[in-house]
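K.L.:
To start, I am sharing the structure in question, which I have written as structure tokens.
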Amino acid sequence: MDPGPAGDEVSLAPQQETAEQDVETTLRPRRLSEFVGQARVREQLELVLHGALNRGDQPDHVLFSGPPGLGKTSLAMIIAAELGASIRVTSGPALERPGDLAAMLSNLAEGDVLFIDEIHRIARPAEEMLYLAMEDYRVDIVVGKGPGATSIPLEIAPFTLVGATTRSGALTGPLRDRFGFTAHMEFYEPAELELVVRRSAGILGVDLRDEGAVEIARRSRGTPRIANRLLRRVRDFAEVRADGAVTLDVARAALEVYDVDEHGLDRLDRAVLGALVRSFNGGPVGVSTLAVAVGEEPTTVEEVCEPYLVRAGMLARTPRGRVATVAAWQHLGLVPPQHAPGEATRSLFADEV
């Protein structure tokens, strides 16, 4: 797969590069009052947290689900800030053995927040240990092997677990049921993203004009992390090739350089649609086969590209596989066949290949 000219392409996959993490941290809201968008989630979360604080109780465990880049990690940090607590951060893949989890839990102080990103990827033995920790604030440490093995209970400090997942369907029922509050994060509307871009521009000292903010927000795929990333790339363009002001013309020119089209699709999105249309005549085709065609992992296609393509009405998930809609054919400048669906199937309950 040709990556294109060096420096002329930006990936919109909402995955952070290490060099940009400090900037991302700077742009994160610190309190619920600073968090833009997700109004219903914010209202519900405020009630959960402040209700527990007023009673002097430990808040219920919290689960956030939704596509990457919508603010799940930011909300986890905000929860700790609202509670005046410390936060420990880990991820599901890092918890391979029960001992890994036991060591982390035993180091928690009373009232701490434990944030587990990608919690659906936690190993089953560690997950089973987590059940008891969430309910009774203790874990059982198994000493020895075979018939002579003994279980030693270990008390841990009361804590609040915050889990984040991009695949809520991959969570086991017992784990999901132990969260007292669950919230699904929705894609942002352009007007909300415009507020995100304006706030970030103020923090970064960017000379952002009204039309420039609207254009960046419109092409940000409904995702704040992408909006912030595009703002930084447009800022670079404005400082190097213009007078530093992010106007409409500057934003459009910059986004063209970075290969972000008018619908917010990047190279990978168009590669997925192109393969679906040109190699498989619009589908249906399984996600694994489609991923091979574009040289990516199936999880990347499924978790990064598909949610927005479905929302944009360019891709349909059907029981037989992925299908390009009329909008996808038209976006690629092609005439759609008669069998192409008019809009994406958005059911969350359809069997997927």
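For all residues, glycine too, the Cβ spot is worked out from N, Cα and C.
For Leu27, Arg28, Gly69, Lys72, Thr73, Ser74, Glu135, Asp136, Tyr137, Arg178, Tyr188, Arg225, the entry in Swiss-Prot reads ATP binding site. If you look up Swiss-Prot, you'll see Thr73 marked as Mg(2+) binding site, on the strength of sequence analysis. The DNA binding site annotation in Swiss-Prot covers Arg317, Arg322. The region 'Large ATPase domain (RuvB-L)' annotation in Swiss-Prot covers 1-188. Taken from Swiss-Prot, the feature region 'Disordered' covers 1-25. Residues or ranges marked as region 'Small ATPAse domain (RuvB-S)' by Swiss-Prot: 189-259. Look at Swiss-Prot and you will find 262-353 tagged as region 'Head domain (RuvB-H)'.
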K.L.:
Of the binding-site residues Leu27, Glu135, Tyr137, which sits closest to Arg322 (DNA binding site) by Cα distance?
P.N.:
Leu27
K.L.:
Taking 10 A as the limit, how many CB atoms besides its own sit near the CB of Arg322 (DNA binding site)?
P.N.:
27
K.L.:
Measure from the Cβ of Tyr188 (ATP binding site) and count the other Cβ atoms within 10 Å, all protein chains considered.
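P.N.:
So the Cβ neighbour count for Tyr188 (ATP binding site) comes to 25.
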K.L.:
Using DSSP, tally how many residues of the region 'Small ATPAse domain (RuvB-S)' (189-259) sit in helix, strand and coil.
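P.N.:
Summed over the region 'Small ATPAse domain (RuvB-S)' (189-259), the classes give 52 helix, 4 strand, 15 coil.
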K.L.:
If you draw a 10 Å sphere on the Cβ of Arg317 (DNA binding site), how many other Cβ atoms land inside?
P.N.:
23
K.L.:
Counting by DSSP secondary structure, give me helix, strand and coil numbers for the region 'Head domain (RuvB-H)' (262-353).
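P.N.:
Going by DSSP assignments, the region 'Head domain (RuvB-H)' (262-353) contains 41 helix, 9 strand, 42 coil.
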K.L.:
What does the structure give for the C-alpha distance between Tyr188 (ATP binding site) and Arg317 (DNA binding site)? Integer Å is fine.
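P.N.:
Tyr188 (ATP binding site) and Arg317 (DNA binding site) have their Cα atoms 22 Å apart.
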